Amino acid sequence: MKALLLRDLRLAVRAGGGFGLSLAFFLIVTVLVPFAVGPEADTLSRIGPGVLWVGALLATLLSLDRQFALDHEDGALPLIATSPLPLEAVALAKAVAHWLTTGLPLTLAAAPLGILLNLEGASFPWLVLTLALGTPALSVIGTFGAALTVGIKRGGLLLSLLVLPLYVPTLIFGAEAARRGAMGLEVATPLLMLAGITLGALALLPFAAGAVLRINLR
Amino acid sequence: MSIWEYANPKKFIATTAPVIPWAFGGAILCIVVGLIWGFFLTPDADRFGSTVKIIYLHVPSAMIAINGWIMMLVASLIWLIRRHHVSALAAKAAAPVGMVMTLIALWTGAVWGQPMWGTWWAWDPRLTSFLILFLFYLGYVALWEAIPDPDQAADLTSVLCLVGSVFALLSRYAVYFWNQGLHQGATLSMDSEQHIADVFWVPLVVCIAGFILLFVALVLMRTGTEIRLRRLRALERQAQRAAA
Amino acid sequence: MSLRVEGLSVARGGVPVLDGLSFTVEPGQALVLRGPNGAGKTTLLRVLAGLAPPLAGRVEMPPESAAYASHADGIKATLSVRENLRFWADLYARPWAEGVLDDFDLRSLAHRPAGTLSAGQSRRLGLARLGVIGRPILLLDEPTVSLDAASVARFAGWLRERHLASGGLAVIATHVPLGLDAPEFDLSRFRADPMVAGQGSDAAFL
């Protein structure tokens, strides 16, 4: 599993690996929002956490269709499938690699981008905390979606269509916890639900992803 | 005599074909009677005025929308466990019907919401849940359309249906947490008096029966069509192989 | 360590292509699959590799002993030749042996990004994977495509002296004589009857 993880990380940072693409997308979306809603600091700081959550969520989608499609095109996937590593572990390794190259950088970038949206001081720690808790779930759910659509030509759009509804609970609890935390309200429930979704997705979705990979390899 | 005998495509068509016209007839009868009764023969409600009458469309379609998804979930499980083709095709056949029912529920909800809440759309948890359910239907149908191999499509959509069901349930909980909502409580419950009076309740039950029959008729008919399409495909391929 | 196939039927896209296959390959043996295009060579190899389920019959071999190689080698263009091979070694939990670079004449290319290799060089890199992962049963689908004569001879030599000599076995679909002392197996004799739907998924609807 470590071998696959290291290879995917290495591929991501080499030329054409797409690392940084989602970060750039996140930056651009965040910059575009004030143009659309106006420069008033009050408005921006109020919608800031939500905008950053949606921006991060859309940014994770960008690199999802590369998850298995590249290995599928060059024939690496059947060779990986016949290795001692079960496909469930393959899916988990892919999800972890996706999080390390997408979710983690997005989480770290959210704070500086928050300054652009006039976030209040209290918002920053909650935003970063909820993104750190929530983005792993986005990566695992997305990996399942990528495994589902791996054999489909030009499946990128379909992938978004399938994955976005699955993102809804993560988004709601994540953004809600960030919002409540900033306002000093009770946050235990959404935070625990968010953590629960992430842990549940990490525990169960690799099995679903492994199963659909097996179906797609037939 | 096992129930699984009906999972044989030919037996399924032979058994259901005579039922379909009766189900359609019953559906039309119930819906016409229920709607006329409900629209013209019941008094206006105290609180809601005449707008309440849209429940005769709204409530049945919403019930079918949810139960249609549950039926797809059961059919998907049967396909994954027992590999009955009819089951997978029934799930495929039910999806567009459920999707349209979800749209009807959303549309009538908006039409009802306009005079009641003064807005066409409110991010009320029930309406929002249905919007999310609609997205799940959309993804499910799109996945069926995208995969050319029918067995592979059946497998993948079944897994999507399973995973989707878990996330749809989570979304429902999340949406209730996120916004407490304007929607009144459940229209129907075993204790009918608690919610609505008998005068409204009886025609509503007739309408619900009509919608259930309509759903059954449409799903049986569409499943039959899917089976015939698969049979046509199998025959064509056999002919191709014979010619080769 | 032998490969035993009994009464195997395989399907491509739900259509049965081969029916009633039975053969055994013993250690040190190679079996060459013959048959025209569409005979089912690739399908059979994929079933043997466990990538596709058989319609009927049994494939007996020790678990995790087979390696499959087709024209798609899964080579990553931005990784160097050595990095590509080390990945397979790590994934299959095998120790890394530098010698494999010499076996497949890749030593001078070891640091080149795989994307800059020629078609024949890429093919050698793809075949070198077989030397790295050390599986005793090789399932090879047209392994010599785009190799020059010298490379074909080198690969045949590796197959004979390193793989088969050490108790490995191989099932090879090829049109190029590899100079192996291997029996040939003609698949066209096992063509599935087109009028019999077999156990394919179409059968449920006929």
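Yeah, the Cβs are placed from backbone N, Cα and C, and that goes for glycine too.
TrEMBL has this to say about the protein:
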DOMAIN    B:11-183  domain 'Cytochrome c assembly protein'
TRANSMEM  B:12-40  transmembrane segment
TRANSMEM  B:60-81  transmembrane segment
TRANSMEM  B:93-115  transmembrane segment
TRANSMEM  B:127-147  transmembrane segment
TRANSMEM  B:159-179  transmembrane segment
TRANSMEM  B:199-221  transmembrane segment
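Counting Cβ pairs closer than 8 Å to the transmembrane segment (B:159-179), the top stretch among B:12-40, B:60-81, B:93-115, B:127-147, B:199-221 is B:127-147. Most Cβ pairs under 8 Å to the transmembrane segment (B:60-81), among the stretches B:12-40, B:127-147, B:199-221, belong to B:199-221.
The transmembrane segment (B:93-115) shares more Cβ pairs under 8 Å with B:127-147 than with any other stretch in the list B:12-40, B:127-147, B:199-221. Residues of the same chain lying 6 or more positions beyond the ends of the transmembrane segment (B:127-147) and with a Cβ under 8 Å from any Cβ of it are 62, 65-66, 69, 72, 92, 95-96, 98-99, 102-103, 105-106, 109-110, 113, 121, 153, 156-157, 160-161, 164, 167-168, 171-172, 175, 179, 183.
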